[in-house]
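Please read the structure below before turning to the comments.
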Amino acid sequence: MCPPRGLLLVTILVLLNHLDHLSLARNLPTPTPSPGMFQCLNHSQTLLRAISNTLQKARQTLEFYSCTSEEIDHEDITKDKTSTVEACLPLELTMNESCLASREISLITNGSCLASRKTSFMTTLCLSSIYEDLKMYQVEFKAMNAKLLMDPKRQIFLDQNMLTAIDELLQALNVNSVTVPQNSSLEEPDFYKTKIKLCILLHAFRIRAVTINRMMSYLNAS
C-alpha cells in the first residue's frame, strides 16, 4: 500500500532538501554526472534565479495589488494534469511500482538531459513531467504578457530573462509532446485581474522551479 499523497510529498521534498547539505554530500560516493544532465541542472538554476528576480520585481511594482505569498490565493495550474512529484520519486522511496505515477509514458525524451539510451523509466517519466509543467506555464505567461503589453499604463510585463530561461530548459529537455493550445480571448482584458493572476502564477511557478531544481540536483548526483 502506498503512503498518503500528502505524507509522500513532504517526505520527498525533505529527502531532496537533504541533498543540499554538505554533511550528507561528504558521505555520498562521488558520481560522474553526465554532461547533458549537468547542463540541465545549470538551466534549472538559471530559471530559479530568473523567476525569483521576476517575482521580487512584481511584488515591488504591484505592492498595492496584494502580491505577497500571504495575501494571494494560491493556485496550481498543473493540478490533475501532471504528476511531477510522483514521477520524480527518488529510488530510495520506491517500494513498489504502484507508488509510481500510474499513467503510461506517451512522451519520448531525447534531449540533452538524458545521458544515454539506458536512462531509466523513472528518469524519463520525471523529465517528461517537468517538461509538461514548464510548457503549461510558458503558455500561460505568454498569454498574460500579451495582455500586459496592451495596458496603457505599461506598469509591468514579464522579464524576458525568465521567458528565455523557460525556453532554454525546454529545449534541453526536448520532449516530443503535443503542443499546448493557447486560447485567444476576444474579451477586453481586465488589467487589474491580470496583474492579480500574474502574482498568483509567479508565486506558484517559483515553488515549482524550486522543486525542479532539486529534482535536477538529485538526478545529477545519482
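Residue 1 is the first one shown; counting continues down the chain.
Any Cβ shown, glycine's included, is placed from N, Cα and C.
As annotated in Swiss-Prot, Cys126 shares a disulfide bond with Cys88, one of the listed residues Cys67, Cys88, Cys99. Per Swiss-Prot, the residue from Cys99, Cys113 that shares a disulphide bond with Cys40 is Cys113.
Straight-line distance linking the Cα atoms of Cys199 (disulfide bond) and Asn42 (N-linked glycosylation site), rounded to a whole number, equals 26 Å.
Cys67 (disulfide bond) sits 30 Å from Cys88 (disulfide bond), counting Cα to Cα.
When the alpha carbons of Cys88 (disulfide bond) and Asn42 (N-linked glycosylation site) are compared, the span between them is 18 angstrom. The most densely surrounded of the disulfide-bonded residues Cys40, Cys67, Cys113, judged by C-beta neighbours within 10 angstroms, is Cys113. Neighbour counts of Cβ atoms within 10 Å were taken for the disulfide-bonded residues Cys88, Cys126; the minimum is at Cys88. Reduced to three states, the DSSP call for Cys88 (disulfide bond) is coil.
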